[in-house]
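Participant: First the structure, which I've put down as structure tokens, then a few questions once you've had a look.
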Amino acid sequence: MEKQTGELDLKFFKNNGFEKKICRVCGSYFWTTDSRRETCGDTPCDEYTFIGNPPVPKKYTLSEMRKAFFDFFEKRGHKLLEPYPVVPRWREDVLLVNASIYDFQPHVTSGIVKPPGNPIVMSQPSIRMNDVDLVGVTGRHLTSFEMLCHDAFNSKNDFVYWKEETVRYSYEFLTDGLGIDGSLITYKEKPWSGGGNAGNALEVFVRGLEVATLVFMDMKEDQEGEVEIEGTRYTKMDMQIVDTGYGLERLTWLSQGTPTVYQAIYPEIIDYVLENSYVESIDNEFLSDVVRVSVMREPYDEAFVLSTLGEKYPNALERFEKAKKVRDIFVLIDHARSLMHMFEAFVIPSNVKVGYLARLLIRRSIRAQKNIGFKGSLINLIERNYNELKDIVKPLPIEFIKDVLSIEMQKYSELEKRGQQVIEKILKTKKSIDIDDLVLLYDSHGISPDVVAAMAAEKGLKVMIPPNFHAMVISRHEKKSALKKSAKVYPNIETRTLYYDDSTMREFTGLVMYSKGNEVILDKTAFYPEGGGQPADHGYFEFKGKKINVLDVQKHGNAIVHKLDGEIPEGVRVKGVIDWERRSRLMVHHTATHLLLGVLRDILGDHVWQSGVQKDVSESHLDITHYKRIDEDTIKKIEHRIFELITEGRPVSVKNLDWYMAIGKYGFRLFEGGVPLSPKVRVVEIEGVDAEGCGGTHLKNISSIGVLKIKKIEAIQENIYRITFVAGVPALELFEDSYDLAYRVSNISKKNIDQAGDFVENTVRELSKIKRDLDSARTKLIEEEIRKSNSIKLGEKEIPAIEAETSDIDIVSRIAHSKGIEVIIESRVGTKFRYTAISPSGKSKQILHDLLHTDAEGNDKLSYVIVDHKELSITR
């Protein structure tokens, strides 16, 4: 986008005494009513002059500022919306909500779904982790903040307002609403992009502080687009969207003029932490100057800050070091608020995706607690944050949070202990510790870079910690998205979906609209295409007296493509026949998946979310988020509850609801199985158990499932459990197989079936004892053989050599390591000979090389060579 397009030369500016100028520092265009102003108002072009000199007559709290914003825009016809969760379950391309517009991308911004109001006003809690290292450092950075917005979604048939009204509203809110002198406000022109959209924008500044951004979104991402912004191409879209973002915390800070933003938004919590830590007080005079100076250099430059402050304060370094303790107070409180929002959305800490971000915040919080000697608890800080925000935050799952934090703190403590050993090991083998070492120690062992630096300093080594270390680590875990191109292009034919009209339809007649090779598209079909974890239907088409098998079915746009084992020409009518046994089993397993998920959530807790799923004919699996092992008693409880519901015979209903009507009734749980980009959501509901947006085929009543049996539960990654189960006929087959096995054991053991399990347990126990006894006897025998064996002389040392079976090598290895001796073993392997060397000191490969003059396989403590002929003369 060109720097100057003239698209922001608005009548409002001209009619209200604004002049368009070019900033003498950065060269950007900006608008102001102050004829003497030469700079755009942004830092570092301008300083922070509001600290100690707030331009707002009244000092607002967060809740007061939020209410003032809502009142102003509700009076002007804006519908007030409730905030969305910070974890965007309605989209799959981002981990956290970074801005209010995320709530409406891509379904509303693309024009597919009507907005929930037009225009709207809201305050959206948001979390941004890219500046996590600067929290507490600059006095202005936050991971958690609320973005106030007034948005309008303009289409051809529904135009609300655009640039003129948007700027007027912002100006009137700041001047009439908050009482700010209009001459202090500047509007800086700057293009904006994010979430697949872009447009012209105005950044709004007051006394150096950016308080809002007004985006006029009218472009969408397009690889062939004519406009380029920051390396990405865009093209015009049909919608014109007003996307504004006002920083609630920044407006509150502006009204109070405190040294830092934290003191404006967390005053009572800061006092509480001060009372319960060894930080005595906050040096407000010095801190004010730290903040003022820090904004004058991007990125943050500590050396510049110290140098500048040194000109004013003779003891700048001493005061700066004391101020670092105050940083930890701000970090602790900020992170507690972000964690509160994450836990409200039932995020479980882990090593992947949003769970990783939660874990990072927890570990930084633990570190901050230790640095200031905080006597309170993180859960207490989370609750205090909630008490200040309970008007906009749903009740917290306190027991869940306590459980999760307890587990995380235990893990961190264990990792720290192991990590110390890892650091010492690295320091023994390396002369320096690089960034990759720091990332490994942090990611895998939870060791903060400053701990590594302290340990390295004791060894006389200096560790360079990147100032953006945590942001750099986070970038390795962020979800990446890219425009996907279909590998194959099909004609835009809309296939009518008969499987939705009647999921029990087994036969149909359709017209072949497209045929190429072994692929056909019909005008209508009862064959279900693969999707939502449900495999495609199989069956056949009847054509000219022949059966042509349907091997696969896929959906491409509105067309449903059938892959065949033969060819059918275009323009003919064919009869389609569904493989009903396969379809019915898939319907049972698909419906059973919904039932299982609902019961798991009911018994394990609301933190259970679907993480993955695969339905199949013989068995299915469901992956869920959960942070504790699921024991046998809980499995039985789950199965019994499912059986009760099946016996009750709960009906299964399917409804196509408008997007926001569906969300209003069922919440964002709807999107556990995926997010449809369509104006309506197909909601599959098991009465009183589960409701989910789903495109699959289902039973009319869960009684048709018959029975469900969990086969196994396994942790497939941290805090993700896979539940493999069978339902219907496959469950019956499992019971039959299990009974047959028990019957066979009963016959072999001459015991009743109800005693067969005890018999097997006792037999296994006895066999294990016999094996241990044999192993002990064999160990003693081999020890005696080693003692009596001939030795082979290699250089200055003699090494015992014995003949042994390959199955005895593990025993020999245990003996060698326990006694600290080296041993050579000769074993017969078919017609060949294997020579194994065992060396606790790590010289096994060298021993074999000296002995046989060839390279060995294995490791330095146990290696071997296989040769064609007997090479040694070993006598027992």
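Each Cβ is built from the backbone N, Cα and C atoms, and glycine gets one as well.
From Swiss-Prot, for reference:
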BINDING   His590, His594, Cys694, His698  Zn(2+) binding site
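Describe the structural context of these features.
Facilitator: Secondary structure at Cys694 (Zn(2+) binding site), taken from DSSP and collapsed to helix, strand or coil, is coil. If you take the C-beta of Cys694 (Zn(2+) binding site) and look for same-chain residues 6 or more apart in sequence within under 8 angstroms, you find Gly532, His590, His594, Gly673, Arg682, Val683, Val684.
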Participant: Could you name the residues, excluding His590, His594, Cys694, His698, of the same chain that surround the Zn(2+) site, i.e. Cβ within 8 Å of the Cβ centre of those residues, in sequence order?
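Facilitator: What remains near the Cβ centre is Thr591, Thr593, Val652, Val684, Glu692, Gly696, Thr697.
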Participant: Of all the binding-site residues here, His590, His594, His698, which one's CB has the most other CB atoms within 10 A?
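Facilitator: Per the Cβ count, the most surrounded site is His594.
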Participant: Check the DSSP secondary structure of His594 (Zn(2+) binding site), expressed as helix, strand or coil.
Facilitator: helix
